[in-house]
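**Student:** According to TrEMBL, the record shows the following:
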- 66-479: domain 'Amino acid transporter transmembrane' (DOMAIN)
- 72-91: transmembrane segment (TRANSMEM)
- 97-119: transmembrane segment (TRANSMEM)
- 145-167: transmembrane segment (TRANSMEM)
- 196-213: transmembrane segment (TRANSMEM)
- 220-239: transmembrane segment (TRANSMEM)
- 259-277: transmembrane segment (TRANSMEM)
- 308-330: transmembrane segment (TRANSMEM)
- 356-381: transmembrane segment (TRANSMEM)
- 402-422: transmembrane segment (TRANSMEM)
- 428-447: transmembrane segment (TRANSMEM)
- 459-485: transmembrane segment (TRANSMEM)
Amino acid sequence: MGEVVVPIEDDDSTQVFPLYSPAPPTTTPLEIITVKSTSVKDTPAAPGPPGVVELESWLPLTESRNGTTFSAVSHLLCSGIGVQALLLPAAFSSLGWAWGIICLSIAYTWQLYTTWLLVDLHEPVPGTRCSRFVRLSIIAFGQKLGKLLAIFPVMYLSGGSCVTLIITGGNSMKQFFNIICEEGIMCGSKSLSGTHWFLIFTCVALIIGQFPNLNSIARVSLTGAIASIGYITTIWALSIGKGRNNGVSYSIPEAEKTGMAGFGNISNAIGIIILVFRGHNLILEIQGTLPMPSDSTRSCRKSMWRSVMISYIIIPMCLFPLAVVGFWAYGNKIPAKGLGILTTFSQLRRRDTSKFVIGLIYLWLTISCITSYQIYAMPAFDNLEFVYANSKRRRCPEWVRVGLRLFFGGLTFFIAVAFPFLGSLAPLIGGMTVVPLTFAYPCFMWISIRKPRPKSGMWCLNLGLGCLGIALSIVLIVAAVWNLADKGLDANFFSP
C-alpha cells in the first residue's frame with residue numbers, strides 16, 4: 001500500500017516529533033513513499049530520527065492499513081454504543097417527552113455532522129493522512145495550543161473510559177455471578193469482593209489486549225457491537241412485553257422545577273444525552289486503518305463515510321427505543337446514576353422475568369465492557385509505544401509491547417480501585433472533555449484547515465456550532481459543580 005507524506009526538515013535547535021509536529025506548508029514538494037502494511041519484526045535502530053511513514057508503520061493505530069468497511073463499522077458500533085445509554089430514560093424524566101426527544105435528536109444530528117467533518121479532515125492536505133486526533137489538533141491550532149486543547153480530552157477518553165469500563169464491567173461480572181448462584185450455598189461461601197472482580201475483569205481485558213494493532217481487533221469489536229445491541233434491545237423489548245409498571249409517574253416534583261435545583265436537573269439531563277454520543281476521539285484512528293491507493297487521486301473518505309452511515313443507522317435504532325420505552329415503562333423511577341434502567345428493570349421485573357434472561361443481560365454488558373476496553377485503550381498503547389519508538393528509533397519488541405500494556409492495565413486497575421466513584425464525576429469531566437471534543441473542536445478545525453470564505457454559509461455554521469459547543473461545555477461544568485456541592489459526593493476511596 002502506498003502513502004504520500006510531506007518530508008519533515010531537520011531543525012538544529014529543537015527536536016521534532018514527526019507525528020505531533022505542525023503541518024508544513026502545502027507548497028512543499030510531495031514525496032511518494034511505498035510502505036508495506038504487513039507486520040515487521042524488531043527493526044534495528046537507524047542512524048537518524050525515524051520518518052513519519054516509518055514511525056507510523058511501527059505503531060498500533062497505523063501498523064496495519066488493511067481494514068475494510070465491515071471492520072470500520074464494527075469499531076464504530078463498539079465505541080459508539082456504551083453503558084451511558086442506560087441512563088437515557090432518566091434524562092427524559094427531567095426533560096419530559098417532547099424536550100427529551102428534541103434534545104436527543106439534536107445531539108444525534110450534531111455529532112453526526114462533526115463526524116462528517118472529521119472524516120473530511122482525515123486528509124488535511126491531498127495525499128496525506130492524519131490518523132490521530134491530537135495530530136489534527138496540532139495541524140489546526142498550532143503546536144502548543146493544539147496539544148493543550150487535545151491531549152487531556154483524548155487521554156482521558158482513553159484511560160478514563162478504560163477505568164470506567166473496569167468499574168462497570170467488574171460490577172456486572174459480580175451481578176452475573178450472584179444471579180447464577182442466587183440460591184447456591186457454595187457460591188455464597190466463595191463470594192468475592194469488588195476489588196477481586198475488578199482484577200478478574202482487568203486480567204481478561206489484558207489477555208485480549210495483546211492483539212498487536214487496531215485493525216487486528218476487528219472481530220473483538222464486532223463481538224462487542226453484537227453484545228451492546230443485544231443487552232439494549234433485550235431491555236427495551238422486555239419492557240414493552242411486560243407492560244408499564246404500576247404507579248408510574250411522568251411528572252417532576254414542584255421543588256425540582258425551579259431555581260438552581262431545576263437548572264441542575266435539566267443540565268444533568270442534557271449532559272446525560274450528550275455523553276451518550278462518544279467515540280469521536282477514535283474516528284480518525286479508525287479511518288487510519290482503511291487502505292488508500294498510492295496514486296493520491298482517490299481517498300478512503302468514501303469508504304469511511306459509508307461505514308459511518310451504516311453504523312449511525314444502527315445506533316439510533318438502539319438509543320431512541322431505549323429512551324422512549326424506558327421512560328414509558330418506568331417513568332421517574334429510573335436513577336440518574338449507575339446502570340440506570342438496568343437497575344430498575346432488575347429490581348421491578350425480577351419476579352416475572354427468568355433468571356436466565358437477567359443473567360444474559362449482565363453477561364452481554366460484561367462482554368461489551370471487555371471489548372470496548374480494547375478499542376479505547378488503543379490510543380494509550382499507541383502513545384506509549386510512540387515514546388519508545390521515537391527514542392530508540394525502532395519498533396517495540398514484543399516483550400516491551402507486552403510490558404507497556406500490562407503497565408497501562410495495572411494503572412487503570414489501581415485507579416478503578418482507588419476511585420470507584422469515578423462515574424459520579426462523569427458529568428463534570430465529560431463537560432470538560434467529551435463535549436468540546438465531540439461538538440466544538442471539529443467545527444473550529446474545519447474552519448482553520450479548510451479556510452472557507454468568511455461569513456459564508458459553512459463558515460457561519462461551523463463558527464456558530466463551535467461557539468455553542470464551548471458554551472454548552474461551560475454550562476454543564478457549572479451544573480455538575482453545583483450538583484456536587486448540593487448533593488455531595490460519596491467518595492468511597494479504595495472501597496469498590
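Heads up, residue numbers simply count up from 1 along the chain you see.
Glycine is no exception: its Cβ is also placed from the backbone N, Cα and C atoms.
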**Student:** Between the transmembrane segment (402-422) and the transmembrane segment (356-381), are there three or more C-beta pairs closer than 8 Å, counting only pairs 6 or more apart along the chain?
**Tutor:** yes
**Student:** Looking at the transmembrane segment (356-381) and the transmembrane segment (459-485), are there 3+ C-beta pairs under 8 A, with each pair at least 6 apart in sequence?
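**Tutor:** Taking Cβ pairs at least 6 residues apart, the transmembrane segment (459-485) and the transmembrane segment (356-381) are not in contact, as fewer than 3 fall under 8 Å.
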**Student:** Per the 3+ Cβ pairs under 8 Å rule, pairs at least 6 apart in sequence, do the transmembrane segment (428-447) and the transmembrane segment (97-119) touch?
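**Tutor:** Yes, the stretches contact each other.
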**Student:** Which sequence positions outside the transmembrane segment (72-91), separated from its termini by at least 6 residues, show Cβ-Cβ distances below 8 Å to it?
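**Tutor:** Residues packing against the transmembrane segment (72-91) from afar: 100, 103-104, 168, 214, 218-222, 224-225, 228-229, 232, 235, 268-270, 272-273, 275-279, 282, 286-287, 289-290, 303-304, 307-308, 310-312, 314-315, 318-319, 322-323, 326-327, 330, 334-337, 339-342, 365, 368-369, 371-372, 375-376, 426.
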